[in-house]
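Taken from TrEMBL, the feature ATP binding site applies to Lys55. According to TrEMBL, the domain 'Protein kinase' annotation covers 27-106.
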Amino acid sequence: ITNLSSEEWIKNKMEEDDIIYFEYSEFSKFIEIGKGGFGIVTKAETNDEKLVALKGLRDSVIDENVIKNFINELKLLRKVSYHDNINRFLGITKDNTGYIMVLEYA
């Protein structure tokens, strides 16, 4: 992640408009649909009734290495987001536990 902390990297990307930021309050009807190696995936609905997948970090496993992996996945999803076989990366949101990726729900 170079010399920037994970938090700084995300903030910089949002300021540069490389990553769209969604207010967490824009989402409702949360249903947990899976757990990965470092995160929980939740299905949610936006205010305009679109379905999205929210992928966040689990509190119990957060350490610097996990955060780096989260950032690396975020970077990768931004690059391949328009591939037909990959859920599109829409942006990022934040709740009281930290940053959460917002993905197209398929």
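Cβ from N, Cα, C; glycine included.
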Where does Lys55 (ATP binding site) sit in the DSSP three-state scheme?
strand
Need one number: mean pLDDT over the domain 'Protein kinase' (27-106).
80
Looking at Cβ-Cβ distances, which residues of the chain lie under 8 angstroms from Lys55 (ATP binding site) while being 6 or more apart from it?
Gly36, Gly39, Ile40, Val41, Thr42, Ile100, Met101, Leu103
